[in-house]
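A short write-up of the structure that comes next.
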Amino acid sequence: MSSRPGREDVGAAGARRPREPPEQELQRRREQKRRRHDAQQLQQLKHLESFYEKPPPGLIKEDETKPEDCIPDVPGNEHAREFLAHAPTKGLWMPLGKEVKVMQCWRCKRYGHRTGDKECPFFIKGNQKLEQFRVAHEDPMYDIIRDNKRHEKDVRIQQLKQLLEDSTSDEDRSSSSSSEGKEKHKKKKKKEKHKKRKKEKKKKKKRKHKSSKSNEGSDSE
């Protein structure tokens, strides 16, 4: 008998991996290619950054100005000097094609102002009087709008006053007409009384005259 293993032994020992479908294999190769390309780009960027950050060859270093040198080295300033020595030196990433200030807001993530500035759309207005003063000095249309509102208010007040005066004048006229009617009625009554008194006086005179004539006639007889 031969010592060579049979086909069954070979199949059991070195079983091949099942072949992937063509679509999955193509996708896997694309993913590997993309990762390789990204790694190459990252290495290239690192090389450029390190190249530009390195000093030119043959540079003789002199006394370098350290950021902590702006604070005098006296007792009590150790914490501030240490903070400046380990402070970050890189600035913010700037947007491409925009000329902005070297600052970025933490709230709205926009460039050109800091957190808490009045230019921020998320700025919380505090003192209303100070805000009105600022708007009046910064916005040229503020005075015109305020004058227009004041003029409209004055016109409305004048209209209401005119309506009130008209209503009061109508009431006065009605009251005056009623009082005039009462006075006329009183005058008529007075005239009637005066006429009655005159008539009564005339009657009394006539009676006296008749009685005097009758007395004279009786005396003559």
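Cβ from N, Cα, C; glycine included.
From K46, K61, K118, K129, the position flagged in Swiss-Prot as SUMO2 cross-link is K129. If you take the C-beta of K129 (SUMO2 cross-link) and look for same-chain residues 6 or more apart in sequence within under 8 angstroms, you find none.
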